[in-house]
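Listed in TrEMBL for this protein:
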- 18-37: transmembrane segment (TRANSMEM)
- 43-62: transmembrane segment (TRANSMEM)
- 83-107: transmembrane segment (TRANSMEM)
- 119-141: transmembrane segment (TRANSMEM)
- 153-174: transmembrane segment (TRANSMEM)
- 180-202: transmembrane segment (TRANSMEM)
- 335-355: transmembrane segment (TRANSMEM)
- 375-394: transmembrane segment (TRANSMEM)
- 406-423: transmembrane segment (TRANSMEM)
- 429-450: transmembrane segment (TRANSMEM)
- 462-484: transmembrane segment (TRANSMEM)
- 499-518: transmembrane segment (TRANSMEM)
Amino acid sequence: MGSQEVLGQAARLASSGLILQVLFRLITFVLNAFILRFLSKEIVGVVNVRLTLLYSTTLFLAREAFRRACLSGVTQRDWSQTLNLLWLTVPLGVFWSLFLGWVWLQLLEVPDPHVVPHYATGVVLFGLSAVVELLGEPFWVLAQAHMFVKLKVIAESLSVILKSILTAFLVLWLPHWGLYIFSLAQLFYTTVLVLCYVIYFTKLLSSPESTKLQTLPVSRITDLLPNITRSGALINWKEAKLTWSFFKQSFLKQILTEGERYVMTFLNVLNFGDQGVYDIVNNLGSLVARLIFQPIEESFYIFFAKVLEREKDATLQKQEDVAVAAAVLESLLKLALLAGLTITVFGFAYSQLALDIYGGDMLSSGSGPVLLRSYCFYVLLLAINGVTECFTFAAMSKEEVDRYNFVMLALSSSFLVLSYLLTRWCGSVGFILANCFNMGIRITQSLCFIHRYYRRSPHRPLAGLHLSPFLLGTFALSGGVTAVSEVFLCCEQGWPARLAHIAVGAFCLGATLGTAFLTETKLIHFLRTQLGVPRRTNKMT
C-alpha cells in the first residue's frame, strides 16, 4: 500500500470521525447538561474524579502499551502472535483492577455515606467495567490497523449516548440509588462497546464479501481468540519488548494525563464539591480537544507508523514517503495552531456565558469562568502536542523511546510537585497552570526530535508553526473586540444583550476564518484534497 493511499485512508478516518463525533457528542452534551441539574457537586466529584480515575488508570496500565506496540508500522506480521499478545491485557486488567480497588477502598478517604452513598459498590463495578472493556481489545486493534473508518466512532458514540440516557432515566426515577446509578451505567457502557465490535466482526467474517476481498488476516471469529501459531511461538518477542518500552512510557504519560486527579485523590487539596466543579469545567474545556484533535491524532499516528520505519534514518528511507510525511506533518501543525488559537482567543470572552448556559450559577459563579479561560490556552498547547507526539512516537526507535522515558519521568515528578504547590497558592487554577508548563516541555522535546529527524533532508515541516502577520493581527483584533463586548453585554444584562454578544463573536469569527482562508492557501489545499472537502476536479498548478 502506497503512502498516498495510506494518507487517504487516515484522512477519511479523521474526517468521518470528526463529523460523527460532533453529532454524537452534541447529543451527549445536551443529556449531560440535563443530568447536571439534578446532582450535587459532591456526587459529581466522586464519580468524575475518584471512580473515573480508577477506571482510566486500570485501562491505561493494562492496554496503552499494547496498543502502541501492536499498531506500529510492521508490514509483515503474524497476526496470531499479535492477537495472543493483546489478550494479555485481560489478566493485566484483572490484576490492576484488584490492586487499585484495594487502594481506593482501604487507603483513600471514603466519602460521607449520607452525602455519597454506596461508594464501595461503585469501586467494584467501575473496576469490573474496565476488565469488561479489555475483552474487546483485540477487536479494537484489528479495526484500527485496517482503518475501519466508522466502526470505532459509531461504537463509542452509541455506547456513550445509551449510557447518558440510562443515567438520565435513573437519576430522574431512582435518585436515592446514589452511586449505583453511575456504576451500572458505566458497566452498561463498556458492555455495549464490546458487543458492538464483536457483532460487527462476527457479521463481517460470516459474509461472502469479506472472504472474497481477503482484507483481514482472520477468516472466522474464532481466529481472534488465543491460539498456538504455526511457528509454535505464542507471541512475537520483538513486539513484546516494544510493549515493555511503551509500558514504562505509558505509566509516566498517565501521570501527566491524569496528574491533577491523582493530586486531588491522594493529597486531598480540594474537597469533593470543588473537585466536581473543576472536573465539569475541565470536561467542558476539553470537549473540542476530544472532538477534533483526538481523532486526528489517532488516525495520523497510524499513517505515520505505516509510512515511516522506526529503525531507519530519514535519509535511508523511501524519499517519497518521507516527503509525504513531512507535508502532512506541516499541514497538521498549521491546522492545530489555527484551531488552538481560535479557541484561546474566543474562549476568553465566552467562557462565562458558556458555563452559565451549561450548568447555571453553580458553574458561572466563583472560579468557573477563570478555570475555563485558563483551559482555553491549555487547549492550544494540547492541539500542538497531539500532532507533534503522534509523529514522534510513530518515528522513534526503541532506544529513543527508552530515552524519552527518562524525560517523562522528570516531567512526572515536576508535574506532581508543581501541581501541589500551585494549587496551594492559587486554587484549582494551579492544576491548569502546571499542565501548561508540562505540556510546553513535551512540545519542546517533540519539536527537537522532528528537527533532528529532518535535519539532513530538504523538508522543513516545522514551518507549519508560522502564521502570516496579517492573520495574527486579525486574531488580536478579534480578541480585543470580543473582550469589550463581554464587559458591556454579558452576562447580567439579559438574553437580548447575550444574543448581541454572540453576534459580535460570530462576526469576528467569520472575519478570522475568512482571513485564514485567504492567507493559508497551502493548508486549504491540504484540507480540500485529503479531508474530503468538496473541490473541483481540475488540476491545480
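Cβ from N, Cα, C; glycine included.
TrEMBL labels come from automatic prediction, so no person has curated them.
What you see is a predicted model, and the numbers here were worked out from it, not measured in a lab.
Taking every listed stretch (83-107, 153-174, 180-202, 375-394, 462-484) in turn, the largest tally of C-beta pairs under 8 A with the transmembrane segment (499-518) is reached by 462-484. Taking Cβ pairs closer than 8 Å, the transmembrane segment (429-450) reaches residues 256, 259-260, 263, 278, 329, 367, 370-371, 374-375, 377-378, 381-382, 384-385, 388-389, 391-392, 395-396, 400, 404, 407, 411, 414-415, 418-419, 421-423, 461-462 in its own chain, all 6 or more past its ends. Spatially, the transmembrane segment (180-202) is adjacent to the transmembrane segment (119-141); three or more Cβ-Cβ distances between them are under 8 Å for residues at least 6 apart in sequence. Packing against the transmembrane segment (119-141) from elsewhere in the chain are residues 46-47, 51-52, 54-55, 58-59, 62-63, 66-67, 70-71, 82-83, 86-87, 89-90, 92-94, 96-98, 100-101, 104-105, 110-111, 113, 152, 179-180, 182-184, 186-187, 189-191, 193-194, 197-198, 200-201, 224: each is 6 or more residues past its ends and has a CB under 8 Å from a CB in it.
At the 8 Å Cβ cutoff, the transmembrane segment (335-355) and the transmembrane segment (375-394) share at least 3 close pairs (sequence separation 6 or more) and count as touching. Distant neighbours of the transmembrane segment (406-423): 249, 252-253, 255-256, 259-260, 262-263, 267, 269-270, 429-431, 433-435, 437-438, 441-442, 445; these residues of the same chain sit at least 6 beyond its ends, with a Cβ under 8 Å from one of its Cβ atoms.
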